[in-house]
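Features reported for this protein in TrEMBL:
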- Lys8: active site (ACT_SITE)
- Asp132: active site (ACT_SITE)
- Pro90, Ile91, Gly92, Ala93, Gly94, Leu95, Gly96, Gly97, Gly98, Ser99, Ala100: ATP binding site (BINDING)
- 63-137: domain 'GHMP kinase N-terminal' (DOMAIN)
- 197-250: domain 'GHMP kinase C-terminal' (DOMAIN)
Amino acid sequence: MLSFPNAKINLGLNVIEKRTDGFHNISSCFYPVGWKEILEVIESSNLEFTSSGLLIPGEERDNLCLKAFNILSKDFQIPNVHIHLHKILPIGAGLGGGSADAAFTLKALNKMFNLYLDDTLLEEYAGKLGSDCAFFIRNKPILALGKGDQFEEISLDLSQKHIVLVYPNIHISTQEAYAGIRPQKPVVPVKEIIEKYDISEWKELLINDFEKSIFPKYPQIQRIKEKLYTEGALYASMTGSGSSVYGIFNQVPDIKSIFPEYSTWTPEK
Ligand SMILES: C[C@](O)(CO)[C@H](O)COP(=O)(O)OP(=O)(O)OC[C@H]1O[C@@H](n2ccc(N)nc2=O)[C@H](O)[C@@H]1O
Ligand SMILES: Nc1ncnc2c1ncn2[C@@H]1O[C@H](COP(=O)(O)OP(=O)(O)OP(=O)(O)O)[C@@H](O)[C@H]1O
């Protein structure tokens, strides 16, 4: 079965408090974007994972796709599979690529082997694989709370806007990024900003708490955000714990010529 795990961006990201399990409670609007990888899962005599495209650090046996298989095969009798991932989404980029791969593997196995797991159960399995992972089960704009795995509906329509992405060739470890944060309650909650304010007002209100510690370390990331505003972005921000930056535009800018030195992504017209 072929599927196409996509990236996400965070519209606002408040790191509110440290939890007793070492994780942090956050509040963020997760939004799917169309930059995608290619994932194939086929039945096979042996359990196997292979990949092409971007190099994935670490051992193949530690890949989140295999972890997704293993977590389901503990509870269900499923045949072995060969999973092939063509890796396109940059790693350590705040785009949630690895989490998307894991969630899409769960969804593929559920379909292929008629497990009939509903989205709520799939989200439970996904939540065990990574905090961002559960979002990719339903894969629709949502307010994420708790570790990022508890969801509330949010009213938001960006269908007439264009979202572009810039990856500055910097790998940021999520764990280290969280370690650099001083958690605090936001002045205005993400949900209120998104639902009550026009996008042209988000610049002053909608904050990604990671920018405060990441920008001084990597000034080029801040420069990308500023450049996106100069080019006419209605709103621009770093996504997740970095390093990618997105801009939301009325018209698609010629992002490749603005940032020739970086990997960029623009939606197809
Ligand atoms: C920054 C975000 O991308 C925002 O969407 C996510 O919160 C990160 O989610 P993720 O990459 O799936 O993270 P995980 O693989 O679950 O955790 C990696 C590390 O990040 C830290 N972590 C992650 C999520 C969270 N809510 N609190 C944390 O403190 C923990 O130190 C954890 O060991
Ligand atoms: N399918 C996968 N894709 C990417 N990384 C994976 C995958 N499976 C396991 N990993 C491991 O996860 C680590 C990357 O996790 P990290 O959360 O930093 O990046 P990510 O999944 O691309 O998400 P983000 O871009 O949100 O940081 C890699 O160092 C790699 O060892």
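Residue numbering: from 1, along the chain as shown.
Even glycines carry a Cβ here, placed using N, Cα and C.
A map of TrEMBL features onto the structure.
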{"residue": "Lys8", "record": "active site", "DSSP class": "strand"}
{"residue": "Pro90", "record": "ATP binding site", "DSSP class": "coil"}
{"residue": "Gly96", "record": "ATP binding site", "DSSP class": "coil"}
{"residue": "Asp132", "record": "active site", "DSSP class": "coil"}
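Counted with DSSP, the domain 'GHMP kinase C-terminal' (197-250) comes out as 26 helix, 10 strand, 18 coil. Gly94 (ATP binding site) sits 8 Å from Lys8 (active site), taking the CA atoms of both as reference points. Neighbour density at the Cβ, taken as the number of other Cβ atoms within 10 Å, is lowest among the binding-site residues Pro90, Gly94, Gly96, Gly98 for Pro90.
Calculated from their C-alpha atoms, the gap between Ala100 (ATP binding site) and Lys8 (active site) amounts to 9 Å. Sequence-distant neighbours of Gly92 (ATP binding site): residues of the same chain at least 6 apart with a C-beta under 8 Å from its C-beta are Ile170, His171, Ile172, Ser173, Thr174, Ser243. Taking CA atoms as the reference points, Gly96 (ATP binding site) and Lys8 (active site) are 6 Å apart. Distance noted between the C-alpha atoms of Gly98 (ATP binding site) and Asp132 (active site) is 9 Å.
In the vicinity of ligand 2, defined as a Cβ distance under 6 Å, none of the recorded positions Lys8, Pro90, Ala100 are placed. If you draw a 10 Å sphere around the CB of Asp132 (active site), it holds 28 other CB atoms from the protein chains shown.
Only Asp132, of the recorded positions Lys8, Pro90, Gly92, Gly98, Ala100, Asp132, place a Cβ under 6 Å from an atom of ligand 1. When the Cα atoms are compared, Pro90 (ATP binding site) and Lys8 (active site) turn out to be 12 Å apart.
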